Amino acid sequence: MKSRNGPLRVGIGGPVGSGKTALTEKLCKAMRDDYSVAVVTNDIYTTEDAEALVRMQALTSDRIVGVETGGCPHTAIREDATINLQAIAGLNRRIPDLDVVFIESGGDNLAATFSPDLADITIYVISVCQGEEIPRKGGPGITRSDLLVINKKDLAPYVGADLEVMDRDATRMRASRPFVFSDMKRGDGVSSIVSFLREQGGL
């Protein structure tokens, strides 16, 4: 499902500390041998996430672009996605054979969504550490993303979160939309997310 503008564009959103950069790293490493992959990261005042991905050796540095959004990070992925679209256009010129571009948003609240002009598929990441009630609080990221990732499941016993409750609430809030529990530190759940992208993205 490459878009009219080139590669499949996958938006990765979620609150600060939920594990967006860790997910982006794992997806790059899982897919880079089979696909031509690039990343655009969004930070308010720095390019910290882009620099982190380079340090993690997720991809070569020419395939990672960091944009500084200023102000509210959700504006750059929703109301005015120009800065991200320009970054993707630059990657397309530099790497004409791109198959997939991951767009990692700046950390934001549960109301953040990607403009359909920017992302073909959206993944929303939440953390077990934010509390077991997060799935039932709803918001566009929880209810309307193409895939919900409930990360840091390994920490549930330490923060008093019941994964069965989170599973039940996510099922209810998302109706038929898929979700997956993950532990990015160990790579648990990554293969399911890659399979989802291959199937839904037509890769």
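We number each residue from 1, going along the chain as drawn.
Quick reminder: no glycine exception, Cβ is built from N, Cα and C everywhere.
Since we're looking at a predicted model, the values are computed, not measured.
For reference, Swiss-Prot has these:
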BINDING   GLY14, PRO15, VAL16, GLY17, SER18, GLY19, LYS20, THR21  GTP binding site
Using a 10 Å cut-off, grab the number of neighbouring Cβ atoms around the Cβ of LYS20 (GTP binding site), all chains included.
28
Taking GLY14, PRO15, GLY17, GLY19 as the binding-site residues to compare, which has the smallest set of other Cβ atoms within 10 Å?
GLY17
Out of SER18, THR21, which has the highest number of nearby Cβ atoms, where nearby means within 10 Å of its Cβ, if these are the binding-site residues?
SER18
Show which residues of the chain containing VAL16 (GTP binding site), separated from it by at least 6 in sequence, have their CB under 8 Å from its CB.
GLY107, ASP108
Name them in sequence order: residues not among GLY14, PRO15, VAL16, GLY17, SER18, GLY19, LYS20, THR21 whose Cβ is within 8 Å of the mean position of the Cβ atoms defining the GTP site.
GLY107, VAL125, SER127, ASN151
